[in-house]
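*Asks:* Residues annotated as (6S)-5,6,7,8-tetrahydrofolate binding site in Swiss-Prot, with sequence analysis given as evidence: SER112, LEU113, LEU114, PRO115.
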Amino acid sequence: MPLRIIFMGTPEFSVPTLAALVEAGHEIAAVYTQPPRPGGRRGLDLQKSPVHQAAELLGVPVLTPVNFKDAADRQAFRDFNADVAVVVAYGLLLPEEILSGTRYGCYNGHASLLPRWRGAAPIQRAIMAGDRETGMMVMKMDKGLDTGPVALTKTVPIGETMTAGELHDKLMHAGAALMKEAMVKLELGELPLTPQPQEGVLYAAKISKDETRIDFTKPAADVHNHIRGLAPFPGAWFELETAGRTERIKVLGSEPAAGAGAPGTILDDALTIACGDGAVRPTRLQRAGGKPLATPDFLRGSPIAAGTRIC
């Protein structure tokens with residue numbers, strides 16, 4: 001029989017999983033998502049999350065508690081009498097009363113190979129660390145931060161030039177298929193649970209503004225991983241002095257390149273940039289207020305001479 005599911009998620013990453021559960025014939029009793037946030041050009045309009053919008057199209061009740069500190073919100077969750085809660089990038093901590101508030105508990109779709117990269121930014125951190133693979137896991141949630149037993153795993157390779165945005169999309173769809181499979185096995189009583197290893201724990205801290213600036217004194221491999229791990233958002237950047245003013249330029253893609261020089265020096269007309277060891281060549285750039293451009297197109301409008309130092 002189909003399961004009665006409470007779905008909990010917020011960003012675009014969560015939407016394919018919700019759609020997959022509906023397609024599989026499960027009953028979505030309710031959708032929980034974060035409250036609408038100020039948005040629009042002036043930040044005056046309240047914008048609903050991608051999951052909120054998807055749920056409304058499905059005609060499913062949507063709840064947007066700020067947290068679960070209010071007893072009425074916790075009771076409302078239990079009153080749905082759901083078989084299971086499916087959680088994908090919800091963004092709120094769940095108290096034990098919620099974790100145990102359905103027949104089978106809460107199952108989370110997490111974008112890493114746990115216990116590596118527990119926490120808020122597993123996709124970015126995996127690329128920034130130079131990992132060659134990552135994956136999606138379905139785990140049963142407990143009171144710890146991504147510490148629960150693992151049910152299913154799908155490994156996904158990370159290409160040498162793959163950006164966080166590209167990996168996000170691969171994992172988003174892999175996660176939807178994996179959760180769909182997990183719910184079938186849960187229905188049949190055949191969903192295995194394996195405790196996470198005690199070794200290899202790493203935490204994927206939220207990306208801070210302070211770490212988005214590119215440090216060209218680092219080895220080229222680290223700079224390349226930094227750039228692609230932050231692309232397209234929030235975007236790694238450098239500053240360039242032009243016509244007596246400082247301009248910030250985002251680098252949304254790069255490739256390793258041959259070359260050597262003082263870190264931050266432009267080595268040729270293709271914008272190869274010297275690093276602490278080796279060099280990188282940006283492949284996609286964006287200036288403030290502009291649209292992303294392939295580097296040759298960017299340089300056609302704004303050439304940067306070899307020998308220029310960037311900071």
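Placed from the backbone N, Cα and C atoms, the Cβ positions cover glycine too.
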*Asks:* Can you give me the residues near the recorded (6S)-5,6,7,8-tetrahydrofolate site, meaning same chain, not SER112, LEU113, LEU114, PRO115 themselves, Cβ no more than 8 Å from the center of the site's Cβ atoms?
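*Replies:* Here the non-site neighbours turn out to be HIS110, ARG116, TRP117, ARG118, PRO122, GLY135, MET137, ASP146, GLN196, GLY200.
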*Asks:* Which one is it: of the binding-site residues LEU113, LEU114, which Cβ has the fewest other Cβ atoms within 10 Å in this structure?
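*Replies:* Output over binding-site residues LEU113, LEU114: least Cβ neighbours within 10 Å is LEU113.
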*Asks:* Which of the three DSSP-derived classes (helix, strand, coil) applies to SER112 ((6S)-5,6,7,8-tetrahydrofolate binding site)?
*Replies:* coil
*Asks:* Return the residues near PRO115 ((6S)-5,6,7,8-tetrahydrofolate binding site), defined as same-chain residues 6+ apart in sequence whose C-beta is under 8 angstroms from its C-beta, sorted by sequence, else 'none'.
*Replies:* ASP146, THR147, GLN196, PRO197, GLN198, GLU199, GLY200, VAL201, LEU202
